[in-house]
Amino acid sequence: MREVDSVFWSRALTELTLSFHIIFATIGVGVPLMILIAQYVGYKKNDMHYTMMARRWARGYTITVAVGVVTGTIIGLQLSLLWPQFMEVAGQVIAIPLFMETFAFFFEAIFLGIYLYTWDRFKNPKYHMLLLIPVSIGAAMSALFITIVNSFMNAPQGFTVKGDALIDIQPFMAMFTPAMPTKVGHVLTTAFMTVAFILAAIAAYKLLRGENHVYHKKALVLTMKLGLIFALASAVVGDFSAKYLAEYQPEKLAAAEWHFETEEGADLILFGVLDDGEIKYELRLPKMLSFLSHTDFNAEVIGLDQFPEDEHPPLIIHYFFDIMVSIGVFMILLSAIFVLGKWRNWSFVEARWFRWLIVLGGPLSVIAIEAGWWLAEMGRQPWILYGIMRTAEGATTATGVEYLFIAFAVVYFILGVGSVVILHRMFKNNPIDKELNSRQDGEGSWH
Amino acid sequence: MALEILGISVLWLFLFGYVIVASIDFGAGFFNAYSLLRGNHQTLTKIIKRYLSPVWEITNVFLVFFFVGVVGFFPQTAYYYGTVLIVPASIALILLAIRGSYYAFEAYSGVSGHKGYALAYGISGLFIPAALSVVLTISEGGFVNMDSGHPKLDYGALFASPLSWSIVVLSIVAVLYISAVFLTWYAHKAGEHEATEVMRKYALIWAGPLIVSAFGIIIEMRQLNNWHYENMFDVWWLFALSGLLFAGTVYFIYKRIRYNWALVLLIVQFALAFFAYGVSHYPYLLYPYLTIHDSFTNEAMAIALVVVFIAGLALLIPSLYLVFRLFVFNKEYVSGKSDHHV
Ligand code: HDD
Ligand code: HEM
Ligand code: HEM
């Protein structure tokens, strides 16, 4: 009984930490690229507003990076604390990308430190801008390496199990699993998409609040355009992810789609509720599931009936899938209409209600990220290492994890509230008008 | 050289790096809080912030590097230490999280904090080394039992052990001493005369307790007369050399001369003691359950890790050099003449 508790609370604590970390990690991956783009546009067009965008985003970024770093440190150590038996096994095969990740962090941290503290220090501003390239690469590499580890958990390879031992270990084989290309691609594109929409939401909010400055309008157009590009890319790569699942983890896809019986020409089921195994109130798109999984309306799609009961993932992941995809489609439409509207001068894209929709898009994108991870991680259950080790076998045998859960929950609450309050104060005390004026008067740096 | 020796040496080197840079950081927080209480806070705060702001994240990566590297080279440690350390390591993590983010909130936001927070910040910096130093105590053996095949930490023995308390005291005193010597040098370089004098005084104050607590541990170990004491005796000359260097640092600081040499001797002194300690711990990672030989990863992984490590260093060393040139050895920056914060 006590062991069951440990497993339950280890899962809960992992979920909590990762769900919190992923918000800051996503921002950490996306923001450097956005800063780089803004600074580049500012440099090319010689437009102070874009340079100012880069500068203000970078300032906010210092806060989210800090929370990203501390929560990342927590999860990094927590993996060994909560899943010691899993890490003992995984460490033998997949340690390389974890190790590489620390180098990526190092690299990013070093250049970020330099970038933040050398504004206007170089004679040629181009050198300062170039510092962002290693920062962006470091951030993207962090995502790449950690996602490689996660792909390994979903499609382990590069070793042979012999009794209790692992033999024939090939560390680089373990990194290039079938799950890796789609997963890495989807994680990166969704991170860029989410950050673009968060920044767009902030610009739209400022406009709604009456700071009717052309700076915010430029920011809004730039970020919505970038958002559209990355949202389209996310959907395309997301579709590849589903095709990967159909091929390699069919039970995850089947649970996500509530596809219980193997059949040809399978329907795609959206939303709905389960009543005693009956699907009700759903939206049914005929034969779409076959098409999505195999690009063929009549292809056979494997259902949950092909798998033993105790290997079925929880059916709740259906909702996570629907939430993620709906948000993805909604954001594509919203940003496409905005970009088209700007081009064709449709006045409603400047209306208050439309701007409120853009404000909503920021948090919605974050929700899509969370839903996507819950889908991916819960959909792997009951496995911690797909087909090799069950989650219950990987958990710690120590007791009392529930108290740690409470303690960490309090910490994340403080960090979450703290970062929101600080970010809010930082920009409220220093609105764009004031900063532009003081810079034009040649005043010293901001404090 | 055998790969496991290479692996543990690299990890030990990074842990040493963390011990030094983190000590400076933790000690600085404490001195800052203390000077706030004393009311002479303006002199110190500026100088401390100027050093810490661009580097605190880099400090953290040293720690991450160490624990990720250990699991890579010695996967079994994840199982033993992961299971027994769950409470002490979680405490350290929580303190690190609160402390790190609070620092960033205050330093980067331009929103100035509150006296109470600064105090909490300063004090938490002393609890973190205390919590982390428990690992050293546990590794000596005698605190972990096997309970139906799984390792379990014996908290009663841990709290009752004079050795564990001596290690805690040493870790705190070392933090204060290392930090004070470093900041003396840094303030001197910045031309902040007043701050230099204050830090010099702290360095001299903490030198005494440092040497007393270091001897305390040796005596403790001798009384236990355990395996480790005998091994330490074999490398007594390293410890003796370290003691000599310590005397050198104190001499320079006392005479107010050659602060840069004082700092160099300090680092070498700690490096010698740290490596002598590590060597005498050989071959155990956790006495008597884990040695570096039987917990070592497979050969393919070990070679891959070493290759990645060398490639990584080729990337890092030039970048670190750049940071030091810009922020630590750059006179303009150190003396506060050039401030280019975003
Ligand atoms: C802004 C966030 C976002 C948006 C709009 C989408 N996704 Fe997504 N999705 C993610 C964020 C995400 C993620 C957080 O990045 C996940 C979690 C794990 C992973 O690899 O990526 C993910 C996982 C994930 C998986 C599971 C992969 C696996 O478990 O191996 C599939 C099948 C899809 N996505 C498919 C889609 C499709 C068809 C979308 C159509 C628009 C879509 N996603 C939009
Ligand atoms: C189990 C999963 C994860 C672990 C163990 C982990 C570990 C860590 C660690 C240790 C840090 C702090 C590094 C430092 O000290 O600088 C960190 C920060 C970071 N992580 Fe995670 N991470 C995980 C998931 C992710 C994912 C999925 C992403 C990207 C999609 C990500 C992206 C980042 C980024 C970009 C940072 C740097 C902080 C920032 O820029 O905001 N991490 N992570
Ligand atoms: C290095 C990559 C990763 C590792 C080693 C890892 C490890 C684990 C482990 C050990 C569990 C517990 C098993 C379970 O109960 O599901 C888990 C679950 C979970 N992970 Fe991952 N994870 C990784 C990446 C991520 C990332 C990047 C996220 C993003 C947020 C994430 C989110 C979750 C969530 C939400 C759960 C809970 C699922 C559930 O309820 O069962 N994981 N992961």
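From the backbone N, Cα and C atoms, a Cβ is placed for every residue, glycine too.
According to TrEMBL, the protein has these features:
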type: TRANSMEM; residues: B:12-34; note: transmembrane segment
type: TRANSMEM; residues: B:55-74; note: transmembrane segment
type: TRANSMEM; residues: B:80-98; note: transmembrane segment
type: TRANSMEM; residues: B:119-143; note: transmembrane segment
type: TRANSMEM; residues: B:163-187; note: transmembrane segment
type: TRANSMEM; residues: B:199-219; note: transmembrane segment
type: TRANSMEM; residues: B:235-254; note: transmembrane segment
type: TRANSMEM; residues: B:261-280; note: transmembrane segment
type: TRANSMEM; residues: B:300-324; note: transmembrane segment
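Long-range contacts of the transmembrane segment (B:261-280) within its own chain (CB-CB distance under 8 A, at least 6 residues past either end) are made by residues 8, 12, 16, 19-20, 174, 178, 181-182, 184-185, 214, 228, 231-232, 234-235, 238-239, 241-243, 245-246, 248-249, 252-253. Touching of the transmembrane segment (B:12-34) and the transmembrane segment (B:119-143) is concluded from the presence of at least three CB pairs under 8 A, sequence neighbours closer than 6 excluded. Same-chain neighbours of the transmembrane segment (B:235-254): 181, 184, 200, 203-204, 207, 210-211, 218, 261-263, 265-266, 268-270, 272-273, 275-276, 279-280, counting only residues six or more beyond its ends whose CB sits under 8 Å from a CB of the stretch. Remark: the transmembrane segment (B:300-324) contacts the transmembrane segment (B:55-74), by the rule of 3 or more CB pairs under 8 A. Sequence-remote contacts of a segment are chain residues at least 6 beyond its ends whose Cβ falls under 8 Å from one of its Cβ atoms, and for the transmembrane segment (B:163-187) they are 19-20, 22-28, 30-31, 44, 47-48, 51, 125-126, 129-130, 132-134, 136-137, 140, 143, 195-196, 199-200, 202-203, 205-207, 209-210, 213-214, 216-217, 220-221, 224, 249, 253, 259-260, 262-263, 266, 270, 328, 334.
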